[in-house]
Amino acid sequence: MRPARALIDLQALRHNYRLARELTGAKALAVIKADAYGHGAVRCALALETEADGFAVACIEEALELRAAGIKAPVLLLEGFFEASELALIAEHDLWCVVHSLWQLDAIEKTQLSKPLTVWLKLDSGMHRVGLHPKDYHDAYQRLLASGKVSRIVLMSHFARADELEADATAQQIAVFEAARQGLAAECSLRNSPGVLAWPQAPSDWVRPGIMLYGATPFEVEQAQAERLQPVMTLQSRVISVRELPAGEPVGYGARFISPRPTRVGVVAMGYADGYPRQAPTGTPVMVAGKRTQLIGRVSMDMLCIDLTDVPEATIGSPVELWGKHVLASEVAMHAGTIPYQIFCNLKRVPLDYYGE
């Protein structure tokens, strides 16, 4: 069998969830949208179900997958509903729903429901993606109360730049949110992963840890609380070929790497079809046989090459960590010019093996 696989440490997942709770003293929705950022939503939900206050997903399809797997905890639809016809399913399956646009509010008022909804009313506090304008926020809240279709409202917004520790934008968003919710008697939720780790002044009865659940930092610089995260995924494979090249020889498509010295090249069963970033350049760290070395040449669809010159003990069959406990996903992402969110979500074709049940 091809040796490429991802190991998922469920104990580390629980540690990171507990850290979100510890840092905030708030209730926490574990964000497991996009198949738990590539980690497997159902297995992650089952691992957290006994202690999680609830889960958050992008859409009703993701929520129904959890319900079909027997997950009974609250599940929030972060994008709300896309058509009014979804409201019946939302009520039937006891899902929580974000309302971010006036058309959604209109639909709730007009739809006959089997039971009242829990609505998270989203404010656009400055990200300008989705959310109600501050001038409409109070009226929307009152309309929901008057509709008779809603049993509970949580006030929420989303930070655009909380991962930028020196930016003023987050403090400005907090101020907009605080002004908009004046006089509204409801719980609130502002803090996402960077908010949990670095913005204790942000009000939140509920927090929404996402990337931090999986042990990856949302920051491009060191941050004290992020250092406490434990990586959940280890992407690994093995060396399948070794060759000795003299100086001056090309490696891989496009001859992007020319050996500067006699070089021992290892070929690893891992490529961009597995989700490893094709744009990762020479110098991107990997670990082989317990030692750090580097990627060389261009990543192929199914294989990539690494420098074994200074790892003489590495040979065919030696284990390779592409990211995980020793080579952080954030390191690989930074070299590839992207973010750990994307490299996790791009993972495919690779079996997921779970441990730490």
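Note that Cβ sites are derived from N, Cα and C of the backbone, with glycine treated the same way.
Automatic, uncurated: that is what TrEMBL annotation is.
Here the structure is a predicted model, which means the values were calculated and not measured.
According to DSSP, LYS33 (active site, proton acceptor) sits within a helical segment. Neighbour count (other Cβ atoms within 10 Å of the Cβ, all protein chains): 20 for LYS33 (active site, proton acceptor). Positions annotated as active site, proton acceptor by TrEMBL: LYS33 (among others).
All chains included, 11 other C-beta atoms sit within 10 angstroms of the C-beta of TYR253 (active site, proton acceptor). Here TrEMBL flags TYR253 (among others) as active site, proton acceptor.
As annotated by TrEMBL, substrate binding site applies to ARG129, MET301. Annotation note: MET301 (substrate binding site) sits in a coil segment as assigned by DSSP.
Averaged across the domain 'Alanine racemase C-terminal' (232-355), pLDDT in this predicted model comes to 98. The domain 'Alanine racemase C-terminal' annotation in TrEMBL covers 232-355.
Taken from TrEMBL, the feature N6-(pyridoxal phosphate)lysine applies to LYS33.
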The domain 'Alanine racemase C-terminal' (232-355) - residue tally per DSSP class, helix then strand then coil: 20 helix, 46 strand, 58 coil
Set of same-chain residues at least 6 away whose C-beta sits under 8 angstroms from ARG129 (substrate binding site): HIS158, ALA160
Between TYR253 (active site, proton acceptor) and MET301 (substrate binding site): CA-CA distance (Å): 11
Spatial separation of LYS33 (active site, proton acceptor) from TYR253 (active site, proton acceptor) - C-alpha basis, Å: 35
Protein Cβ atoms within 10 Å of MET301 (substrate binding site), excluding its own: 11
Secondary structure of ARG129 (substrate binding site) (DSSP, helix/strand/coil): coil
